[in-house]
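Colleague: Sharing the features that Swiss-Prot gives for it:
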{"type": "COMPBIAS", "residues": "1-10", "note": "compositional bias 'Basic and acidic residues'"}
{"type": "REGION", "residues": "1-28", "note": "region 'Disordered'"}
{"type": "BINDING", "residues": "Glu103, Arg121, Lys122, Gly138, Tyr139, Gly140, Thr141, Leu142, Glu143, Glu144, Thr150", "note": "substrate binding site"}
Amino acid sequence: MMMENSREQQPESSPANNNSKKKKKKKTASRFRRVCVFCGSSPGKKASYQVAAVQLGQQLVERGIDLVYGGGSVGLMGLVSRAVHGGGGHVVGVVPNGVLPRELIGETLGEVRAVGSMHQRKAEMARESDAFIALPGGYGTLEELLEVITWAQLRIHHKPVGLLNVDGYYDSLLAFIDKAVHEGFVSPPARRIIVAAPTASDLLCKLEEYVPPPHDATALKLTWEMSTVSEQHAGSIYSPKPDMAR
């Protein structure tokens with residue numbers, strides 16, 4: 001009887017049953033193929049910033065989204081790129097030749113795209129991405145963020161722009177933009193270009209649901225223009241059409 005009982009219990013611990021319990025977690029479907037992440041080359045003083053960078057990278061991998069970033073392995077840039085690369089995701093680092101030395105930014109993981117200038121770097125990152133996310137960062141992060149917001153306002157692209165507002169880091173910026181709306185310098189539709197959330201998961205969900213706001217009737221309708229012929233045109237990624245959008 002004891003032998004029969006042991007045989008009856010054996011299937012529960014069989015390798016086949018154990019393997020069935022260890023099914024791989026399915027990736028969450030996403031409408032984005034690649035997301036561009038702007039963030040600091042410093043880790044920041046709060047551990048929460050670093051945790052958020054890693055969590056964002058993990059969320060991108062879980063959703064099967066490639067990472068596009070400015071290259072390097074330092075600060076938050078390094079954390080998010082390592083999280084994606086280490087999780088089996090694809091990383092595209094866009095690095096300007098001779099502008100940012102390797103000693104300063106460190107090694108770039110994954111696929112390296114070499115460009116000739118900082119202007120080309122921003123244009124290439126934007127062209128390759130389906131959405132933009134800004135983690136906490138400094139002047140460079142703000143410049144990149146505000147530029148893609150402006151491009152959306154000018155109808156160069158209709159891609160969602162997200163702020164990962166970790167511990168309220170971007171509260172002051174959002175308050176400033178709200179004041180600009182109140183004072184008549186930013187239109188209410190243009191304010192809706194920016195999507196913000198405190199966690200990577202919440203932000204990506206919001207970006208997935210993003211619908212571009214209606215544009216002002218007087219806004220210029222511009223087209224994206226990428227020039228690789230000469231440095232003279234490297235910074236010109238758009239050109240105005242003669243007609244106004246009405």
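Each residue, glycine too, has its Cβ placed from N, Cα and C.
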Colleague: Output the one of Thr141, Thr150 that, of all these binding-site residues, has the highest number of other Cβ atoms within 10 Å of its Cβ.
Modeller: Thr141
Colleague: I'd like the Cβ neighbour count for Glu143 (substrate binding site), meaning other Cβ atoms within 10 Å of its Cβ, all protein chains included.
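Modeller: Here the count is 13.
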Colleague: I'd like the number of other C-beta atoms within 10 A of the C-beta of Lys122 (substrate binding site), please.
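Modeller: Looking across every protein chain shown, the total is 23.
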Colleague: Suppose we draw a 10 Å sphere around the Cβ of Tyr139 (substrate binding site). How many other Cβ atoms does it contain, all chains included?
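Modeller: For Tyr139 (substrate binding site), the count of other Cβ atoms within 10 Å is 8.
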